[in-house]
Structure formats: C-alpha cells, structure tokens
Amino acid sequence: MSRGGGRGHVRVRTARGRTAQSTRWLERQLNDPYVRRAKAEGYRSRAAYKLTELDEKFGFLKGARRVVDLGVAPGGWTQVVRRVLPKAAVVGIDLLPVDPIEGATLLQMDFMDDAAPDKLIEALGGMPDLILSDMAANTVGHPQTDALRTMALVETAFDFALKTLAPGGDFVAKVFAGGADSALIAEMKRAFATVKHAKPPASRKGSVEWYVVAQGFKGRSEPASEPEQEQQ
Ligand SMILES: C[S@@+](CC[C@H](N)C(=O)[O-])C[C@H]1O[C@@H](n2cnc3c(N)ncnc32)[C@H](O)[C@@H]1O
C-alpha cells in the first residue's frame, strides 16, 4: 500500500493471492470518505449515511416510535435510528448474525420465511410506524436476475408494510435501476400520501441502487363484511 496521487489517496499494490477486483475494492474502501467517517463516528457501515441523508431530505425518523429494519446487518441503519430516536422500539432482521446493538432486538432469520412478519411484530410489541428495508439479494452478476431478486424482496417488504404499518406511517426501501416497477409504484401511490425516489449522495454513483420513500400510510380499509344470506 502506498500514498500517491495527492491529497492522501491510498494506492494498493496487487499482492500475491489478491485479485485485481479485490485490489480495486480495497483501494476504494481506503479512499472512501464515508468509510473513514463511519469509522470515526462509530458506525458499522457507510450505509448509515444513506439513511441519514434520506432522513435529512424526507424527515421520516422524526416522531417514529416503532421501527422495523429489514436487512439490518451489520447494523448501521439501526445505530442511526437508536441515536436519533433513543426511546423508539427497534427490531431488525437479517440472514446474517449481527452484533448486539443496545436497545434493539435483532432476529437472525430469512424475512421471506412465512413466520417472519409475526416474529417481527411480536418483538416490536405493536404496529410499526416506520418500516425500513435496505435488503439486497446477493448479486449473481447478471443484472436482470439481480434486479428481479431484489424486487421480490421489495414487494414482500411492501406487502408487510400494507399489512402492519400504523396509519400515517412511512416505508423506505432500497430498489434497483432507478426505481420500483410501475405496477408496484402505482400500488404504493394508492396506499401512501406521497411516493418519491431518491439516490442519497452516500450511495455510490456507479451502483444501480436507489431508494423509494413512501410517506403517510392511508391505512387498511376494513375487510368487506359478508353479504347477508337471503332468506328463502
Ligand atoms: C446492504 S446490507 C444492509 C446494510 C444495513 N442497512 C446497514 O446499515 O448496516 C443488505 C442486507 O440484506 C440482507 N438480506 C438479504 N436478503 C435477506 C432476506 N431474505 N432476509 C433477511 N435479510 C436479507 C443481507 O444479508 C444483507 O445483510
């Protein structure tokens, strides 16, 4: 590793056993101001700043009392929520184990598992007023497949929001390639007062990652009552 290129830029020499791709990744990490800032400010991931920047723009954290963090590992978003909302109940879920975060309940399980919604609500102790999803499927390197797999996660997260969110609540989710598909967006627009897309500055320019921010959940309409049987 050497310093070159001015302004403290760190250059990484390709070492034996290190691929060109991992050398590029290491160099990018070492020169990323968000990675440095996360280290200095005690955040586990640079992703923490994506949530902070989205919140600066949309203000969904203010007033939230019960928060769900889908795809929580390694925990940057939940750390932000805990710092901004020290009194809120926070429950996170991930396939991966997450080191404890004071004041948060962390479940290690697949969100796509049928049992996950009940487990989340049980751990939260009531209806969430903010559902965050930074879930991303492991990429297979085939852009369409990767986008489809992430869309399936977004759709399931949106379905969870429709079933559990408190009226007036907000839903924030990572989507790929400029946005969610138009049918999903249309459904979101029916269910929320506003639906916007944003790419926070901390989201790398080269990545296809965007976020959809849906605010002001209109609530569930009461299930239609059974029509009365006509007496014969
Ligand atoms: C980009 S990371 C989240 C980073 C996190 N927001 C932070 O600030 O540290 C995406 C996470 O989604 C998780 N994930 C993907 N599919 C999942 C699923 N089906 N159930 C639960 N978590 C999932 C991955 O394991 C991964 O940890």
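Heads up, residue numbers simply count up from 1 along the chain you see.
Cβ atoms here come from the backbone N, Cα and C positions, even for glycine.
Because the structure is a prediction, the values reported are computed rather than measured.
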(message) Using only what TrEMBL says about S-adenosyl-L-methionine binding by GLY75, TRP77, ASP110, ASP134, identify which of ASP94, ASP146, ASP159 is listed for that site too.
(response) ASP94
(message) Counting across all protein chains present, how many other Cβ atoms fall within 10 Å of the Cβ of GLY75 (S-adenosyl-L-methionine binding site)?
(response) 23
(message) Measuring Cα to Cα, how far is LYS174 (active site, proton acceptor) from GLY75 (S-adenosyl-L-methionine binding site) in Å?
(response) 16
(request) Reduce the DSSP letter at GLY75 (S-adenosyl-L-methionine binding site) to three states and note it down. (result) coil
(request) Would you count the other C-beta atoms found within 10 angstroms of the C-beta of TRP77 (S-adenosyl-L-methionine binding site) for me? (result) 29
(request) State which of the following binding-site residues has the fewest other Cβ atoms within 10 Å around its Cβ: ASP94, ASP110, ASP134. (result) ASP110
